[in-house]
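S.K.: First, the structure itself, so that you have it in front of you.
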Amino acid sequence: MAAPCPEDPSLERHFKGHRDAVTCVDFSFNTKQLASGSMDSCLMLWHMKPQSRAYRFVGHKDAVTCVNFSPSGHLLASGSRDKTVRIWVPNVKGESTVFRAHTATVRSVHFCSDGQSLVTASDDKTVKVWSTHRQKFLFSLSQHINWVRCAKFSPDGRLIVSASDDKTVKLWDKTSRECVHSYCEHGSFVTYVDFHPSGTCIAAASMDNTVKVWDVRTHRLLQHYQLHSAAVNALSFHPSGNYLVTASSDSTLKILDLMEGRLLYTLHGHQGPATTVAFSRTGEYFASGGSDEQVMVWKSNFDVVDYGEIIKVQRPPTMLASSSGNLPEVDFPIPPGRGRSQESVQSQPQEPISMPQTLTSTLEHIVGQLDVLTQAPE
C-alpha cells in the first residue's frame, strides 16, 4: 500500500509519561509547549522541540480533569477532582497558587481572550467566573440541574457557553449574567462545547454519539453529525473555522469539513477511548489524549492554504448538514509501536474544498441548499 499523501494528517510525536488515562490537552500560544492532565493527578508539560525534557507538575490531590494556557502563555490553569483550581507558572520550577473553586469536581477551566478572567465548571452544577489576578471570585451562573462538564468564553469575551449532564447547552451573557438561551436537542449528557473562532456559532459533543453546531444569534441548529459509534468526549475548531476535530470513546478522532458538512478523516491512534483533542493556535498541529495514557501530536497537513491568510477568513458554517457514517473518509490505522501510518485507504480521493478560489462556488451551493431547506415543510 502507498504511504499517506502529504495532505493526510500524520502522527508527529508520541509523549509517554502519564501513569493513568489522559483527560485533557492544550497547546501554548506559540506551540512550543503542550500541557496534559491525567487521572494520575499530575500535569505534564511537554516541549515540542525534540530531545527536550518534559516537566511533571505535582500538586493536585486527585485526578486532573482540565487544563488551559493563558493567551500570553505565561500561566497555565488546571482543575481537578480535588475541587481546586491551580494556576501554574509553566517553567522548570512549576510553582502554583491554589484555590478552592467549587464544592465538587472541577471539570473545566478556560481563560478569557484578554487573560483577565477565568471561567470554571463543576459537578456542583455551577459555572463560576474569576479574575485571574489573585483568583478573586466574581460571580456564579447556576441554572443547570446536573453536573456541568464544560464552560468557555466567546472569542470577544462577551458570552459564556456551558455544557451539562442535564442534556442542555446554555448560552450566557457575561455582563448581565443572564442565560440567553438553552439548546436542548441532545439526547444525552453534553460532554464538551466550544465557540467557532468567528464567535457566531458553537459546537457541542455528547454521549448520544453526536456533534451539533448552532448559530448563537438565531439559535438555529446549523449542523448535526452522527459519525461516531460511541460517546464524543471532546472537540476543537481549527483556527480557520473551516474544520472541526472530534475525539470519541470509539477510540477514533474524526476531522470534519464544516464548509462542506462532511467527514474528511478518521484517525485510529489510541487504544481505547480518545478522551481529549485540541488544535494548536495556528492549526498546524493537533494533540490528542486517551485512556491508553498516551499523548499524541498530529500534523494537520490537510489545510493547504497559507495559515496567515486562512486565519483572516474564519467563515462560520452556514449550511444545515445532517451527516451519517456512510460518507467518504480516509481511514488509516496506526500499528502498535509504529509512529506514522503506512496505509491509507481512501474510498473517494477528495480535496478539502476550502481554497479561496472555490469559496464562492461553495457559498453559492450552501445558499442553494438553504433555499431548498427553507421551502420544506416544518
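Just so you know, glycine gets a Cβ as well, placed from its N, Cα and C.
Note: TrEMBL annotation is automatic and uncurated.
According to TrEMBL, the feature repeat 'WD' maps to 15-56, 57-88, 99-140, 141-182, 183-224, 225-266, 267-299. Here TrEMBL flags 322-357 as region 'Disordered'. Marked as compositional bias 'Low complexity' by TrEMBL: 342-354.
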S.K.: Counting only CB pairs under 8 A, let me know which of 99-140, 183-224, 225-266, 267-299 has the most with the repeat 'WD' (57-88).
M.R.: 99-140
S.K.: Please indicate, using numbers and ranges, the residues of the same chain that are 6 or more beyond the repeat 'WD' (141-182) and have a C-beta under 8 Å from a C-beta there.
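M.R.: Contacts of the repeat 'WD' (141-182) (Cβ under 8 Å, skipping residues fewer than 6 from its ends): 104-105, 107-108, 110-114, 117, 119-123, 125-129, 188-195, 197-199, 202, 204-206, 214, 216, 219.
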S.K.: Summarise the repeat 'WD' (141-182) as counts of helix, strand and coil residues per DSSP.
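M.R.: Residue counts for the repeat 'WD' (141-182) by secondary structure: 0 helix, 22 strand, 20 coil.
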S.K.: Count the residues of the repeat 'WD' (183-224) that DSSP assigns to helix (H, G, I), to strand (E, B) and to coil, and report the three numbers in that order.
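M.R.: Helix (H, G, I), strand (E, B), coil: 0 helix, 22 strand, 20 coil.
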S.K.: Give me the DSSP three-state residue breakdown of the repeat 'WD' (57-88), ordered helix, strand, coil.
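M.R.: In the repeat 'WD' (57-88), the DSSP-based counts are 0 helix, 18 strand, 14 coil.
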S.K.: So, by DSSP, how many helix, strand and coil residues make up the repeat 'WD' (99-140)?
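M.R.: Summed over the repeat 'WD' (99-140), the classes give 3 helix, 24 strand, 15 coil.
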S.K.: Run through the repeat 'WD' (15-56) and tell me, per DSSP, how many residues are helix, strand and coil.
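M.R.: For that range the per-state counts are 0 helix, 22 strand, 20 coil.
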S.K.: List the helix, strand and coil residue totals of the repeat 'WD' (225-266) as derived from DSSP.
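M.R.: Tallied per class, the repeat 'WD' (225-266) gives 0 helix, 25 strand, 17 coil.
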